[in-house]
Amino acid sequence: MEVEAAEARSPAPGYKRSGRRYKCLSCTKTFPNAPRAARHAATHGPADCSEEVAEVKPKPETEAKAEEASGEKVSGSAAKPRPYACPLCPKAYKTAPELRSHGRSHTGEKPFPCPECGRRFMQPVCLRVHLASHAGELPFRCAHCPKAYGALSKLKIHQRGHTGERPYACADCGKSFADPSVFRKHRRTHAGLRPYSCERCGKAYAELKDLRNHERSHTGERPFLCSECGKSFSRSSSLTCHQRIHAAQKPYRCPACGKGFTQLSSYQSHERTHSGEKPFLCPRCGRMFSDPSSFRRHQRAHEGVKPYHCEKCGKDFRQPADLAMHRRVHTGDRPFKCLQCDKTFVASWDLKRHALVHSGQRPFRCEECGRAFAERASLTKHSRVHSGERPFHCNACGKSFVVSSSLRKHERTHRSSEAAGVPPAQELVVGLALPVGVAGESSAAPAAGAGLGDPPAGLLGLPPESGGVMATQWQVVGMTVEHVECQDAGVREAPGPLEGAGEAGGEEADEKPPQFVCRECKETFSTMTLLRRHERSHPELRPFPCTQCGKSFSDRAGLRKHSRTHSSVRPYTCPHCPKAFLSASDLRKHERTHPVPMGTPTPLEPLVALLGMPEEGPA
């Protein structure tokens, strides 16, 4: 009882009462009660506290911050022994409880749950600060924005985002930080301490919580939901940044151009556009980048890594954003809407490109022929007409194509033929796309180096007795001419190019098996026209419906072309008259109505011409 009375009358040696807290006389640490202060004071040893107090001087702010961030504070005038070393990192501590508390940063253990919301914390002091937010106790308010905090330390870290202060500098790379916890995490990257690795892609992290956040990119889990628009996120920080869009908050403003940003990282990347700084260098190709996300995306292109997997179709992607945008193809979500024609798009850049159609801007001009385009991709495709480039090759037959969509359509013919057991049709290899509509008697191909005169009808796959019958649809592919369909009121279906075109009669042609197979029910047809007419009965083969009239199409290009009939958009303008058309093929047909100057020779079009053979000719 006498000991207790003595403790009540005066504090134990090694600490003193300062207001409502107890302050250590050796290191200036404070504690909420006397027992904790006494236990802490015992770690300094039985030194004369009065002499230590005289030696303790206030440290400069920058030195104190660096010590706070590194966890290497010095007690008194000399460093005290730290016998408890962490086996996972270079840190050491004076007591076993301090080491156990530090170990939670490696294991991710959070033994202190919030009774209100269930959120868990590593330290009890963090839980107390969090509980103040539930009680509405946020006494520390930012003077620059409406945010408030329950702890003064959090407010100071937040205010550095407004002032640009970054007092924690890395001695290895010079990078600076505003938050000491982020600085500590960064230092582990130099030490090579990344004990938490992803089982799917092998990526390693220094913190368990970072691994948990990364794993959501593989599983697609997005537990953080925006109450305003319903959009979900995989990280709480992403939700916080997103909510600033609804609140019209852009706390990070560029002093050079006045542009505002919702995220500090976006603001820092924007600053480099003014300075021209590109600090991220690719060691493989030497290319430099101004922001780390572009640099990481570029590195995956070198490595060929596509860790983000679509569960519905099995397609892989390099970026989680690419996977999220791809999923809209399955869900039908098209959140970006044109205000002028109500057309919707999957991605924002598709809407921006579409807006050029309404504005009439065509900034990309061909240097060869002067034709202008609204998109750079359209100019790139058009330039292949002049260069002859056909970069998309079929792995099955070796054919090459100007655009990837033509390759995909061609590959469907292989799949349908394989499903029906029909061998691929033979094709005639020629060097030029010869004019259609000429007829001859011989069926032999011209010898190499011979003069290019009128090709015989048999060479083009027409029956010898057809005379001037026109093949109205031909497809020019690679170095072959493939007969697609021959239509004439009084002429039967034309045989293939190598099916004995010079033989008398049509007995073998009558016995020719059907070549056009339905992809859904495997029924066969003698012409492509009959097949297309039949496939309309299978809605599964037409997965792209028009939202205005309900008509369905087998591919997205057909739907896009059809949707123009509901709007006033006519993107293909005739250079000779004011008329405009829905499609490029309609424009080409119309251009033939304009007279050609007399004496102009009709050159043989190279086989690499994008438009192929003309659809009409002299009978």
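Positions of Cβ are set from backbone N, Cα and C atoms, glycine also.
Among Lys59, Lys278, Lys306, the residue that Swiss-Prot annotates as SUMO2 cross-link is Lys59. Within the set 404-425, 492-513, the record from Swiss-Prot flags 492-513 under the feature region 'Disordered'.
Within the list Ser18, Ser269, Ser387, the entry that Swiss-Prot describes as phosphoserine is Ser387. Remote same-chain partners of the zinc finger (280-302), defined as residues 6 or more beyond its termini with a Cβ less than 8 Å from a stretch Cβ, comprise 265, 269, 272-273, 318-319. Put simply, Lys154 (SUMO2 cross-link) is 61 Å from Ser387 (phosphoserine) when counted between their Cα atoms.
If you draw a 10 Å sphere around the CB of Lys80 (SUMO2 cross-link), it holds 15 other CB atoms from the protein chains shown. In this structure the alpha carbons, written CA, of Lys80 (SUMO2 cross-link) and Lys154 (SUMO2 cross-link) are 29 Å apart. Residues within less than 8 Å, Cβ to Cβ, of Lys154 (SUMO2 cross-link) and separated from it by at least 6 positions along the same chain comprise Val129, Phe140. Lys80 (SUMO2 cross-link) carries neither a helix nor a strand DSSP state and counts as coil.
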